[in-house]
Amino acid sequence: AGRGRVKDEL
Amino acid sequence: MNIFRFAGDMTHLLSIIVLLLKINATKSCAGVSLKTQELYLLVFVTRYLDLLYSYISLYNTFMKLFFICSSGCVIWYIREHKTVSQTYDSAQDTFRVLFLACPCMILALTVNHDFTVTEVLWTFSIYLEAVAILPQLVLLQRTKNVDTLTGNYVFLLGGYRALYLLNWIYRILTEPGYRQWIVWISGTIQTAIYCDFFYYYIKSWRNNERLSLPS
C-alpha cells in the first residue's frame, strides 16, 4: 500500500 | 494476471460491446441511463491518469484506452447522434449523480492510501465505480419492459465485478502481502448492489419471460 504501489488492475 | 481477472476484464469489455451493439443495431438507447455512462467515463478518466506517466503492459494500456474511448462513444451516441438521441428518456433518467459523486470525493479525501492528487482521484474512481450503476438500475425499475440487450449489459457488468472478487481471493491466497482494502471493500459493495438484479435476471431467464424489476 502507499506511494508507488503498482496499480496493475484495471 | 490470473484467469479470474482476465475473465473479468473480458466480461467488462464484452458488456461495453453489447451496449454499443444494442445502440448501433436498434438505433435506440431506450432503457440506457446516460447518467451511469457519464459516471463510468468519470471513473475511467480519474482512474487511468497513470496512462500519462507510467507504463505497465500493452494489455493494460490498450484496455484503459478502450474503456475511455468506448464510454465516450456511448455518451456521444446518446447525446449527439441524430436518431439515437431522440430515444433517450431524460424524464426518467433523473438520478441526482451529485449525491453519488460528492460523498465519494469526500470519502476519497479522507480515506486513501496517499494524500496526493493522483492517489485521491484514483480512490475517488474506486468509490464512484461502486455506485455508478445505481442510475441505470433505477431507470430499469421505471422502464417496465427491459429489452434483452440492456439486461445482458447490466448482467455482464455485474459479472465482471464478481469475477474481480474471485481474482482478489485468488491473489490473497497466492500473493503474500497483497493487500487492497479500499478496492476490496468498494468492490464487494459494488457486487452486492447487483445481487437483487442478478436474482430477477436469473428468475426471468429461467421462466423465459421479459425481465422487469419491481419498482
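Just so it is clear, glycine is given a Cβ too, placed from its N, Cα and C backbone atoms.
Whatever TrEMBL says is automated annotation, not expert-curated.
Remember, predicted model here, so these are calculated numbers, not experimental data.
Here is what TrEMBL says about this protein:
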- B:55-77: transmembrane segment (TRANSMEM)
- B:97-115: transmembrane segment (TRANSMEM)
- B:121-140: transmembrane segment (TRANSMEM)
- B:152-170: transmembrane segment (TRANSMEM)
- B:182-202: transmembrane segment (TRANSMEM)
Beyond a gap of at least 6 residues from its ends, the CB atoms lying under 8 Å from the transmembrane segment (B:97-115) belong to 35, 38-39, 42, 121, 123-124, 126-128, 131-132, 134-135, 182
With Cβ-Cβ distances below 8 Å as the criterion, list the same-chain residues six or more beyond the ends of the transmembrane segment (B:182-202) that contact it, or say none. 111-113, 123, 126-127, 129-131, 133-134, 137, 140, 151, 154-155, 157-158, 161-162, 164-165, 168, 211-214
